[in-house]
Amino acid sequence: MKQFNEFYQKIATNRLGHWLNTLPAQLSHWHESELHGEFKHWQKTLDALPVVDANSAIDITNTVKVGESGDLDQGQFKRLENLMKKFKPWRKGPYHIHGLHIDTEWRSDFKWDRLAEHISDLSGKYVLDIGCGSGYHLWRMRGAGAKFVVGIDPTQLFLMQFNAIKHFIDDSPVHLLPLGVEQLPELKAFDTVFAMGVLYHRRSPIDFLYQLKAQLVKGGELVLETLIVDGDENTVLVPGERYAKMRNVWFLPSEKAMCAWLERCGFNNVRVVNTDITALDEQRKTEWIDTESLQDFLDPNDSSKTIEGYPAPKRAIFIANA
């Protein structure tokens, strides 16, 4: 795909150049044998997106917004809306594209607001976001001054959603690759690595933490957000078949247990900068998804519990240095 060739050209002349030893072969294999059955339809939808005045105002500092509501006539606006809805479900956002409000399931801006004041200045930094979804936070990282932003997520619909937004922003230092963390070599090249909402999906959280550490420069910063439970340093919840209707949830540590894991893996200066119970105004059903959302995952008679009887989702943000 053309976008990957552009990425190769970019990293050939920067500190990520050694990634070229493995990445092209991985993405070539992905493109030849692992494409989703709907991928060609998504690509046609992407190709049909309108080309709007390149001088449109772009704001990725305070939100992710391109242009204004008067940029398109009624017919153009409706066509844009119909095309973007072909990429449903939209999980993470929101986005504002020429007056179109993509009201995603998650208000990912809430999470950004919780962490932004605690992280190191991103100005001039190389940043990696692992499990980045459709890339909402990639744009906010760029808006915060990052020099080069890379997101990885193996879900192909997220790649197409990212490409749809990038069609209107076209900010070349922001990239999304359809990879899982296990496919990354030890790059040791990023100043800041974000891993938000991923750890509890990993069968081996300790291996995952080592994988994160292997992407950071010496002294680089890890920003990790994950589900937690109350308890001491020995408290870890291992749910049964499902947690909040999710099948792939493996480990929910306490704050102290998570800190101990990070320290055991060689991170230092470990601290918790925020804890927050996920609220119904942060994750909810909208017209941009066709599935259930948080309200459906909680006990209808006791919102402090999941429908399975576990503690309701509570998240913490940890920051540490490699």
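Even glycines carry a Cβ here, placed using N, Cα and C.
According to Swiss-Prot, the protein carries these features:
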type    : residues                                                                                      : note
BINDING : Lys92, Trp106, Lys111, Gly131, Asp153, Pro154, Thr155, Val181, Glu182, Met196, Tyr200, Arg315 : carboxy-S-adenosyl-L-methionine binding site
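Shown on the structure are the features that Swiss-Prot records.
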{"residue": "Lys92", "record": "carboxy-S-adenosyl-L-methionine binding site", "CB count, 10 Å": "22"}
{"residue": "Lys111", "record": "carboxy-S-adenosyl-L-methionine binding site", "CB count, 10 Å": "23"}
{"residue": "Asp153", "record": "carboxy-S-adenosyl-L-methionine binding site", "CB count, 10 Å": "23"}
{"residue": "Thr155", "record": "carboxy-S-adenosyl-L-methionine binding site", "CB count, 10 Å": "16"}
{"residue": "Glu182", "record": "carboxy-S-adenosyl-L-methionine binding site", "CB count, 10 Å": "10"}
{"residue": "Tyr200", "record": "carboxy-S-adenosyl-L-methionine binding site", "CB count, 10 Å": "21"}
> So, in DSSP terms, is Thr155 (carboxy-S-adenosyl-L-methionine binding site) helix, strand, or coil?
Replying inline: coil
> Which value in Å gives the longest Cα to Cα span across the carboxy-S-adenosyl-L-methionine site residues Lys92, Trp106, Lys111, Gly131, Asp153, Pro154, Thr155, Val181, Glu182, Met196, Tyr200, Arg315 as recorded?
Replying inline: 26
> Using DSSP and three states only, what is Lys92 (carboxy-S-adenosyl-L-methionine binding site)?
Replying inline: strand
